[in-house]
Number of protein chains: 4
Amino acid sequence: MSNEWGRHFQLSIFGESHGPAIGIVLSGLPAGFALDLDAIAFELSRRAPGRSNLSTPRREEDFPEILSGFFEGKTTGAPLCAILRNRDTRSRDYSLLRDLPRPGHADYTAQMRYCGFQDYRGGGHFSGRITAPLVFAGAVAKQILRAQGIEISARIASIRGIHDAPLDPLRLSDEARAALCARELPTIDPEAAEKMREAILCAKREGDSVGGVIECWATGVPAGTGNPFFDSLESDLAHVLFSIPAIKGVEFGLGFEAAERLGSEVNDAFCLKDGEIACETNFSGGIQGGIANGMPLLFRVAVRPTPSIAKKQKTVSLSRKEETEISVPGRHDPCIVPRAVPVVEAACAIVLYDQLKEVLSCRI
Amino acid sequence: MSNEWGRHFQLSIFGESHGPAIGIVLSGLPAGFALDLDAIAFELSRRAPGRSNLSTPRREEDFPEILSGFFEGKTTGAPLCAILRNRDTRSRDYSLLRDLPRPGHADYTAQMRYCGFQDYRGGGHFSGRITAPLVFAGAVAKQILRAQGIEISARIASIRGIHDAPLDPLRLSDEARAALCARELPTIDPEAAEKMREAILCAKREGDSVGGVIECWATGVPAGTGNPFFDSLESDLAHVLFSIPAIKGVEFGLGFEAAERLGSEVNDAFCLKDGEIACETNFSGGIQGGIANGMPLLFRVAVRPTPSIAKKQKTVSLSRKEETEISVPGRHDPCIVPRAVPVVEAACAIVLYDQLKEVLSCRI
Amino acid sequence: MSNEWGRHFQLSIFGESHGPAIGIVLSGLPAGFALDLDAIAFELSRRAPGRSNLSTPRREEDFPEILSGFFEGKTTGAPLCAILRNRDTRSRDYSLLRDLPRPGHADYTAQMRYCGFQDYRGGGHFSGRITAPLVFAGAVAKQILRAQGIEISARIASIRGIHDAPLDPLRLSDEARAALCARELPTIDPEAAEKMREAILCAKREGDSVGGVIECWATGVPAGTGNPFFDSLESDLAHVLFSIPAIKGVEFGLGFEAAERLGSEVNDAFCLKDGEIACETNFSGGIQGGIANGMPLLFRVAVRPTPSIAKKQKTVSLSRKEETEISVPGRHDPCIVPRAVPVVEAACAIVLYDQLKEVLSCRI
Amino acid sequence: MSNEWGRHFQLSIFGESHGPAIGIVLSGLPAGFALDLDAIAFELSRRAPGRSNLSTPRREEDFPEILSGFFEGKTTGAPLCAILRNRDTRSRDYSLLRDLPRPGHADYTAQMRYCGFQDYRGGGHFSGRITAPLVFAGAVAKQILRAQGIEISARIASIRGIHDAPLDPLRLSDEARAALCARELPTIDPEAAEKMREAILCAKREGDSVGGVIECWATGVPAGTGNPFFDSLESDLAHVLFSIPAIKGVEFGLGFEAAERLGSEVNDAFCLKDGEIACETNFSGGIQGGIANGMPLLFRVAVRPTPSIAKKQKTVSLSRKEETEISVPGRHDPCIVPRAVPVVEAACAIVLYDQLKEVLSCRI
């Protein structure tokens, strides 16, 4: 369903960039879980724009109002709805664009899907802003997963061909992980971050934009979590990940590189570690047959460059059916990748929570 | 849901490799559609093993028995169930493996998910054989889509680093497309196919296996087909694609390559072609904001090398909790990629049909 | 799913009686439908309390805020979220009841389901107030159905053994139907209404309450709307109807009376009316095999007496595990039936709209 | 979805009365549950026709073939598909009826829904025979519920105005319950059964049919099982119950009678029994706010008289658009009620199992 996802942890998302509010309804939460609102606010702040000269100066006050399902500091078990009011929206910036679809944006496809009745201001329901409720949902799921011993992190793996250092999730200390998510450009290697910053600012100066690759991992996922076929961990993760605007690729473990190798090179050999069954390598990204094998779950997503750029581009006037040019006005991110990092983590948390509940329900 | 997929075209899949039968229930079909059984048989034959020395000699007689929903040569509109009996299964080959999980396989994760009660013979419910019902469903969907002017094709884009020639889906003639799907190794460039064959046979001789990349495209998809967010075309396609065993990556249009480029390089500029709005390029794979833009829908999937190999590999005895070695006995494909081509097409057809029905339902 | 319903017209409902707000997210709406907000306000006013001495004096200002999916007076096609703020709630009335479950209420079962973490104030998520968002959804659906020639109405069929006059939906003029829904006690026979009023006030004087039966019908439903088995019209209608608090019975056409009769007495004979196929009678309530036959769809629901009564009743202290007595304080309706009439109509509208979309989607 | 039901225990049903087979796919079963096939066969035999002169002499060999999900006597956790071949079908009986819709049957509505392409033989997908797979699913669910201390039973409460004796589920011994389900006409009072038999045979002699009311109850359902609103126990139970052909009414506890009474008469007062909270009465049928209160869950369904009767009835020729008469040929039950008893129990078991899994999944 278009705005709904989840069988056990159910999300219903709504909102348009310049309408009164955006929000989400969460269902399937346990009763009596004490929500850490500061932790939620922190996750939302990681996604929020305006934190630095790397992102759009549009400011959002992304502290949600919880309308239901939350009482005396705890979840009630009933559906929890949280909304974020849209403010500082400058609708005027967009009014001229109604007729000129921006290349790379959903303006034209929205026009075709909704016959011209879509709220076109600021991308409407297609705006990246709609990922804020997803981050809210993910922040809730993360807290529940943490109580089960599951931790989710992500980093920027590359931007414009600049790669971060290799990473073994099992060797990352809690402190290092905490430090990672506090960084403006979350990488392991600070020098890589510096070079990425330069590449982003270089693109910004030229009225252009860059994309990048985000790597996300989860530790502590119990072996046996997941499902074969249509509800494989890969299927569910990719489903939610590809709902994030600008994501054009998802790969697990070695991913596309595995396609070039020999079977003997990519099969993860089983071994004993401290008497427990483990894998010597993690080329499969912790998933076999759609089910977690106990190794860190690991995947990467490709984020395309922000389509909104100041540079002149060719487009067509929808009303006049005439070719013309456009230079997208307004404020926009030269690189959406850093702000997408917490969104990718949120997607991972949402899926893992749903899958954990599924496994639990199968005990009867 | 684990074995169910689809909101408008609903699939419920079942079966284990060495049980009595595998099959699928299709719901949401129109009444009165005349099914071309030969076309279905052809699609199934493309996936079937034993066609050449590139695949396992296990023979399947993959002509399904249709149990319901089909009357006097036409769909009745009621659920259509089709089953394929399992024959020529040689269960003995697998009995010794109950204790030794094969690296890269789902043996160990299935053990953890199902507490040892899974049908372990031949991979059970995790067997690639379960994709045969998916091909059946796809073959039905393809016929319905064709009647709507939509054609789906796929080719091997690369195997072991050997790449096929570049392809523009809009310039491929109907004859070339038909020829493509009749080939053992469906590529545009016959020389690339020859080199791929050598690479596969080379791996086979060494008791090893290779993977590859499949590219799939659909022409004739009306602009406006699809949805924002959770039911984006990318989300739905990736969901079904990642349910296919051995697929570890999915990318749309430029995919991961887009992450390295500038926005000005990857935005698809709008133009007029014969008076109609089109894009000059197709870097987005025909999808913006989760919705088709009228250009060919195009994506690639990474297929990992078949995990079953004759080469000795390290594993662990589950009963003795002891490290040991395994050489997977029995018949197996040195390269699953050619047989996966029709499965990928089927996944594409299933999703497009569901999405077309969704758009139609939104007219009231 | 607990708070979600619908495959084509999807609802996600949320809220607690004394929390910040209640609301609903609607998905699957067409783009460009001009909503008549006055008509929505009218439907909500029919359900609102405080209109007369027959209902609780608690006043609600049930004009919803639409947060999304609505732009320039029309639906955008994106999810539409509407919320109603909770005001005039007097939480103090309920604080003493935390320990004493009210007989006939969900206090005790909520306690068991949510381990004591439910928002217990005013019934929380179990409050009849949660039906206001359902009426909102129904008011939207009604407008869309009306544009398709489908009209939905309901009346009070009986209260405390006092029956309204018999009714043939096909002979009710548009004016009579409009008049019906404007009445405080919507009956065909004004004398029956008068007697019902007396029965209600009599119960009120004694600190007691009464229930009743509501009959609802829809004209203009095209023959062929509906589905066999799990999505039969009866299944879907009963599903949504039984989610309305206080409804304990649903019957279609003759319903329970049919169980006493002979087949030859209850089979609806086919005939020709103006050259079209019709039924001579409508004992089946316009549904055969789960599918509309073109006759008026007709069903009745049993509404139990409001459980909140001033009379002393036996209950148990949850904390002390001790039998005691309770006289439910606060304001409550002596009879919820009149306010339930628009809720029942809303349920009918929601289901019919979903089913119409289903039939449409099956055209491909 | 038309042929699918369930969120945690998922069913996908298929088949037509005179096609090759009918069947069902069950998903969400635990792994390692030892199925008692004899108990399943017993349940199917209770529904099977031809057991006495009260039902159609058509014989079914309703022992299902399990195609998947079952290995070495236990569930594997993978989807379980079971099919029943159609035999002894005498398609010729029905061929003349293609043009003459039988009053009370789904012939005409199927024609409108499926544009004449439905398998019309023997009612096709609308045949009561499709309930056999439901009984299979229910028999599996019953075994799992029994292991959780939940027992489900049903009886004929009335036929043609002849009522069985009153029943308190909590006072029915295990032996009495076992005896009940072995009876041809399962009633508490043998004299009532005798009078019912006479009424049935009397209708049979006149080429007519009778309906009746079935009462079903479940003991041992833990307080707290269920959900508010859309997934209330009443909603889910009614959903599945109304998918059974011929059921036209469902009521819980006092049901329609509650609509006539005062609140003080129907509120179930809380009390202590053996130190545990219980209700003094069970007018609500064990459900408050959609959630079980620990008392026996209890409901009744109205079964209309079998529409197939030998008596002449008015109908219309679809091809000639002309009024005519029909006397339904072939074998048919004068009363479907006894055979519907195990189907109603199955529906109850299916829903309770799904809801138990839901509650379990909410523990995280």
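Even glycines carry a Cβ here, placed using N, Cα and C.
Bear in mind that TrEMBL entries carry predicted annotations, made automatically and left uncurated.
Around A:Arg47 (NADP(+) binding site), taking its Cβ as the centre, 27 other Cβ atoms fall within 10 Å, counting all chains. For A:Arg47, the entry in TrEMBL reads NADP(+) binding site.
Same-chain residues at least 6 positions away in sequence with a Cβ under 8 Å from that of A:Phe126 (FMN binding site) are, in sequence order, A:His105, A:Ala106, A:Ala110, A:Pro245. Mapped onto three states, the DSSP output places A:Phe126 (FMN binding site) in helix. The FMN binding site feature in TrEMBL is assigned to A:His125, A:Phe126, A:Ser127, A:Gly289, A:Arg331.
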**Report entry** Short-range binding-site residues relative to chain B, from A:Arg47, A:His125, A:Ser127, A:Gly289, A:Arg331, with Cβ separation under 8 Å
**Finding:** A:His125, A:Gly289
Requested in this report: Return one of helix, strand or coil for A:Arg331 (FMN binding site), based on DSSP.
Outcome: coil
**Report entry** Site with most surrounding Cβ atoms, counting all protein chains shown within 10 Å, from the binding-site residues A:His125, A:Arg331
**Finding:** A:His125
Query raised in the report: Out of A:Arg47, A:His125, A:Ser127, A:Gly289, A:Arg331, which binding-site residues come under 8 Å of chain C, measuring Cβ to Cβ?
Result: A:His125
Query raised in the report: List, in sequence order, the same-chain residues at least six positions removed whose CB sits under 8 Å from that of A:Ser127 (FMN binding site)?
Result: A:Glu16, A:Ser17, A:Pro245
**Report entry** DSSP three-state assignment for A:Arg47 (NADP(+) binding site)
**Finding:** helix
**Report entry** Intrachain C-beta neighbours of A:Gly289 (FMN binding site), sequence separation six or more, cut-off 8 angstroms
**Finding:** A:Pro228, A:Ser232
Query raised in the report: On the Cα atoms of A:His125, A:Phe126, A:Ser127, A:Gly289, A:Arg331, which are listed as binding FMN, what is the maximum pairwise distance in Å?
Result: 44
Requested in this report: Please report how many Å separate the Cα atom of A:Arg331 (FMN binding site) from that of A:Arg47 (NADP(+) binding site), as a whole number.
Outcome: 16
